[in-house]
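Accompanying notes for the structure given below.
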C-alpha cells in the first residue's frame, strides 16, 4: 500500500510539472493553444520581447475572476498597452488563445471564437513580439501580415502612430474592465479631438501647450522622446506639444476621459514614471465631472463644486441630477434637460412686482428687476415691438445660452413666450454693463485692475464659446454694453440674440451684417465670410477701449508702461486679415501671461487708420492714433515689432464706414 501511494504521488508531481508551459521569447510558431491555467506561475505570461520590457499575457485585471484578455503589457508598470478582445472577454481560466496558420484567435474552451485577426493574404509562419511592444504575425518570408500597432485600443507608445481616421477609446474601468468606454480621441485631417458621446471637449490645436508649425493636413498623431505631435504625410510636425526628453512615452486615454502622457527616463525601471502632460487640465472641463445634468463651477482656489439646475435635485443613483417632482400634482411637468425654465406671463408679473423697478432700456424694450421664489434676484428683459427679426433673436437667445454654462457667460434663468409676450429672465448683475463704468456714465469708474479682470473674464467666455462648445458659437456682438459686472467682481457676457453657430466642417459662413458699428470686423463690411476671428476683432476693440478708458474714437489718451502688453494684445486681435489674428484661447494665454504676446503688424492695421482720430484731425493737434500707440508699445519682451507683410484688406475705409456712430 505505501508503494502504491508513492507511485501515485510521483505521477501527480510529474503531471503538475508538465502542465506549466514554457514562456517564449520574441517568437512563437503555429500551432499552439494555451490558456491561463497553463501559465499560472507566470501570471498568464506566455511571450516576452527580447529586452523583456513587454509581455504577451492572458491578462486578468484587478481581483475579479470573470474577465480574461489577450493583452500586451509594459512590464515595468504593468500597463496594458493593447488588448485584443476588450469587448469580448474570456469568461474563465480555461478559455483559449490559439495561434494557427490562419491567424490568432481568442475563444471558449469548446472552440467557439470570441475574437480573431482578420483574414490574412497568406499563412502565418510566426508570431513576434518586438521590443517596441508591437505584436506581429509574419509569413514565411518575414513579411508583416498583421500587427497590433494598426489596431490601437486606449494607448499609444513611442514609435507608434495613430493615423488620420483612427481613434483611441477609453476603457470602462482600466483596473478591472477593459471594455470600450464612452470617451474617444479622434485624429481628423485638421486636429486631434477628445469627445464624449459625440460632443468634443478638448482639441490638440487649442491646448495652451500646443504650437502650430505649418498649414498641412494632419496625417497622424505620434509621440517620440521629445513630445506629442500631429504629423503631416511627409513626417513634418503640423502641431506639437513639447515635453521633457525621455526615451519612452505612454499616451493613454483614461477611463475618466483625460488624455495623459507618462514618460520613463529608464525604460526598464518603474521608479522613473513621471506624468508630463494631461488634458484637459481643468476640473470642470470634463463632461461628467458632476454627473448627468450636473453643473460644475470653480472656486477661487480652483477646486470644483457641483450643483443642479433649477427644478433638478441631486441623485445618488445617477451621481448627477434628476428632475424634481412635487407631490400632489395631477400632471407631471415635462422638463427638457439643459433648457431654462418656462414661465407664464402672470408668473413674470409676480416676479417683477408688476414691472415696478425699471433698470434699463434700449431698442429691444425695457429691463426690470425681479426676484424668483428662491429669493435670487433676476433681470427681466421685456421685448417690445419685436417683429420677425426680434422673435428670431428671442429664439436664438434661448437656444444658444439656454444650453451652455460658463462662469463668464450670463445665465438665462427662464423665459416667457405666452401669446404676444416675449420675456427673457437673466441672473442679476448689479453694476450693469461695462460701458457705464468705463465711460463715466456712473460715479464708480473701473480701476486698472478691474479693467484687466474684465478683459480676462470676457476673453475666457469667448474662448469657451469658440472652443468649448459644439457646434462653435459666434457671439457676433461683443461690445462694452454686452459685458455685465457685479460688486463681487464677476464678469459676464450677455445678449446672444445675434449669435451664429459654426459646425466643425465650416471654416466660416456668410450672413447678413449684424452687430454694432465700432466693433465690426472688416470682413463684415466687405461681405466676406465671418468666423471666430470676427469675434476676436470685436474683443480687440473692447480691449483697446479698456486700456485707453474711452470709446474707439475721440479725445487722446496716453500709453504707460503697464498697459503696453495689453495694447499689443489688442492690436494683434484687430489685424485687418482674419488669419493674422490669434484665436481666443491664445488671447487668454497672452492676457494671463502664460504665452508670449503676439507682435502686432502695424502695416496690417489698414482698417484702423482712423482709430482715435476724427476726420480732418492729425496727430499734430494732440490726438494719438492706434498705430502710434502700437509703435510706442512695440518693445514687448525686448523684441521689436517688424514685418514686411502688407495687409490684403483695404486701408481706404473711412471712420464712418468702419466704426460709424453707435
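Each Cβ is built from the backbone N, Cα and C atoms, and glycine gets one as well.
Automatic prediction, not curation, is the source of TrEMBL annotations.
TrEMBL assigns the feature region 'Disordered' to residues 553-579, out of the candidate ranges 526-552, 553-579, 580-606. Per DSSP, the secondary structure of the domain 'Bulb-type lectin' (23-150) breaks down as 7 helix, 56 strand, 65 coil.
In this view, residue 382 (ATP binding site) is surrounded by 19 other Cβ atoms within 10 Å of its Cβ, with every protein chain counted.
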